[in-house]
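For reference, Swiss-Prot has these:
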- Tyr406: active site, nucleophile (ACT_SITE)
- Asp293, Gly297, Asp324: Ca(2+) binding site (BINDING)
- Cys92-Cys417: disulfide bond (DISULFID)
- Cys124-Cys129: disulfide bond (DISULFID)
- Cys183-Cys230: disulfide bond (DISULFID)
- Cys232-Cys237: disulfide bond (DISULFID)
- Cys278-Cys291: disulfide bond (DISULFID)
- Cys280-Cys289: disulfide bond (DISULFID)
- Cys318-Cys337: disulfide bond (DISULFID)
- Cys421-Cys447: disulfide bond (DISULFID)
- 11-33: region 'Involved in apical transport and lipid raft association' (REGION)
- 36-88: region 'Hypervariable stalk region' (REGION)
- 31-469: topological domain 'Virion surface' (TOPO_DOM)
- 10-30: transmembrane segment (TRANSMEM)
Amino acid sequence: MNPNQKIITIGSVSLTFAAICFLMQIAILVTTVTLNFKQYECDPPATNQVMPCEPIIIERNITEIVYLTNTTIEREICPKLVEYRNWSKPQCKITGFAPFSKDNSIRLSAGGDIWVTREPYVSCDPGRCYQFALGQGTTLDNKHSNDTIHDRTPHRTLLMNELGVPFHLGTRQVCIAWSSSSCHDGKAWLHVCITGYDKNATASFIYDGRLVDSIGSWSKNILRTQESECVCINGTCTVVMTDGSASGRADTRILFIEEGRIVHISPLSGSAQHVEECSCYPRYPGVRCICRDNWKGSNRPVVDINVKDYSINSSYVCSGLVGDTPRNNDRSSNSYCQNPNNEKGNHGVKGWAFDDGNDVWMGRTISEDSRSGYQTFKVIGGWSTPNSKLQINRQVIVDSDNRSGYSGIFSVEGKSCINRCFYVELIRGRRQETRVWWTSNSIVVFCGTSGTYGTGSWPDGADINLMPI
């Protein structure tokens with residue numbers, strides 16, 4: 001074979017090998033793409049709103065005669081449907097409540113930068129739960145914490161953290177507020193934030209991080225709202241707001257809000273005489289609230305909200321074991337479903353209850369006169385029978401030697417039912433503890449359980465002598 005023939009033969013063989021390698025590279029690439037796209041294949045999106053897609057990176061390092069290195073294929077993940085919550089599942093059947101969360105904010109404040117807060121609450125989006133509180137514009141170990149017993153200042157803001165995370169310096173300040181309510185409609189958060197002068201406050205409605213609407217004070221006397229979660233059904237959120245006397249006749253209105261925009265306002269109707277600081281929960285197809293009568297009754301008002309036609313009805317919890325503080329002792333307390341009981345009605349505390357057929361679950365302080373201790377129980381016939389007093393399944397949440405405060409309800413949707421949970425505000429500092437100049441709180445949270453449970457007490461737990469003054 002002459003030199004030219006050798007060159008031609010070697011060239012032909014090289015070209016053949018190169019062609020084979022090229023074809024194998026194409027085959028490997030096609031196989032990789034096909035397998036990955038089949039693995040993540042999804043149905044076409046429905047007409048509902050979808051979440052923005054995010055790129056997914058697939059990397060393969062393959063060695064096969066030639067080197068195919070860091071092949072990157074970008075594609076969109078399957079669209080995730082986002083729907084309004086309708087809360088149509090039944091309420092979970094429970095035997096009592098089990099411990100869920102405790103943030104220990106005051107104990108942590110002894111050695112860390114933790115916000116001074118009050119009026120805490122809990123609310124959940126479809127994926128996780130968050131704790132809220134009204135901050136005082138200062139941390140506890142800061143001279144600005146002096147005299148933070150006052151409720152309404154321009155420095156107060158609504159704080160939001162994942163449940164169980166204390167309000168540290170990196171906490172998000174959602175809005176300016178000395179009274180608030182928050183809820184998630186399935187697509188985004190709604191925050192109702194009230195601030196301003198007592199005689200001319202403003203309520204801002206913030207939806208999906210944007211200010212959408214507002215309303216000014218209608219009675220020029222401390223416009224205020226729930227201090228716990230609002231409720232959204234099929235895109236319509238309801239929030240109870242009051243403007244007027246805290247110890248006399250006031251003007252309560254129920255606002256209906258869609259994606260941050262006020263679409264309707266209904267006046268309070270029914271037999272409730274005074275309504276403040278409502279603890280609301282979904283009772284499909286409507287919303288039900290248990291509130292505070294700060295004027296005439298130590299029995300709690302009930303507000304029923306019809307989301308479809310905007311109608312309102314109100315009454316009082318029937319249980320003769322009443323829920324407010326101060327109150328008469330259980331032997332002499334009364335409630336007959338329709339009217340305030342005129343028993344130590346002036347003053348009170350935010351609280352909660354919820355119906356369970358003809359019965360009622362409720363929480364209240366252990367003390368009849370002060371915000372000390374906390375207990376829960378079920379009253380047989382307490383929702384439907386006037387002055388019913390048969391109590392079962394009592395639990396102590398905070399023993400009577402320790403302070404409590406506000407409490408409220410929030411709802412969590414499970415696979416088959418809607419569970420009811422509650423939080424208790426554990427107030428520390430002034431007025432009772434005069435060694436320090438600040439007033440703040442931590443929280444403890446319990447949720448309904450169908451299982452068994454033990455006993456205990458979950459107070460704030462901070463030694464006031466170890467705290468900054």
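Cβ from N, Cα, C; glycine included.
What Swiss-Prot annotates, mapped onto the structure for a quick look.
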residue : record              : DSSP (3 states)
Cys183  : disulfide bond      : strand
Cys230  : disulfide bond      : coil
Cys237  : disulfide bond      : strand
Cys278  : disulfide bond      : strand
Cys291  : disulfide bond      : strand
Asp324  : Ca(2+) binding site : coil
Cys337  : disulfide bond      : coil
Cys421  : disulfide bond      : strand
Check your understanding: When neighbour density is defined as the number of other C-beta atoms within 10 angstroms of a residue's C-beta, which of the binding-site residues Asp293, Asp324 has the lowest density?
Key -> Asp293
**Study point:** Output field, Ca(2+) shell: CB within 8 Å of site CB centroid, site Asp293, Gly297, Asp324 dropped
**Key:** His274, Arg292, Asn294, Trp295, Lys296, Ser298, Asn299, Arg300, Pro301, Tyr316, Val322, Pro340, Asn341, Gly345, Gly348
Review point. Near Cys278 (disulfide bond), how many other Cβ atoms are within 10 Å of its Cβ?
Key: 33
Study note, to complete from the structure: Spacing of the two Cα atoms, Cys318 (disulfide bond) and Cys447 (disulfide bond), in whole angstrom, works out to 24
Revision key, fill the gap. CB neighbours within 10 A of Gly297 (Ca(2+) binding site), counting all protein chains shown, number 27
Point to revise | Per DSSP, three-state class assigned to Cys124 (disulfide bond) | key: strand
Check your understanding: If you count Cβ atoms within 10 Å of each one, which of the disulfide-bonded residues Cys92, Cys129, Cys232, Cys291, Cys421 comes out on top?
Key -> Cys291
Check your understanding: In whole Å, how far is Cys278 (disulfide bond) from Cys124 (disulfide bond) when you measure between their Cα atoms?
Key -> 18
Point to revise | Three-state secondary structure, which DSSP defines for Cys447 (disulfide bond) | key: strand
Study note, to complete from the structure: Within 10 A of the CB of Cys230 (disulfide bond), the number of other CB atoms across every chain shown is 26
Point to revise | Nonlocal neighbours by CB distance (under 8 Å) for Tyr406 (active site, nucleophile), same chain, sequence gap 6 or more | key: Arg118, Glu119, Pro120, Glu227, Glu277, Val349, Lys350, Gly351, Val424, Glu425
Check your understanding: Rounded to a whole number, how many Å is the Cα of Cys237 (disulfide bond) away from the Cα of Cys337 (disulfide bond)?
Key -> 27
Practice item. Quick one: pull the CA-CA distance for Cys337 (disulfide bond) versus Gly297 (Ca(2+) binding site), whole Å only. Key: 11
Review point. Out of Cys183, Cys237, Cys318, Cys337, which of the disulfide-bonded residues has the smallest number of neighbouring Cβ atoms within 10 Å?
Key: Cys337
Check your understanding: If we check Cα distances from Cys232 (disulfide bond), which of the recorded positions Cys183, Cys278, Cys289, Gly297, Cys447 wins as closest?
Key -> Cys183
Exercise for review: Measure from the Cβ of Cys289 (disulfide bond) and count the other Cβ atoms within 10 Å, all protein chains considered.
Suggested key: 29
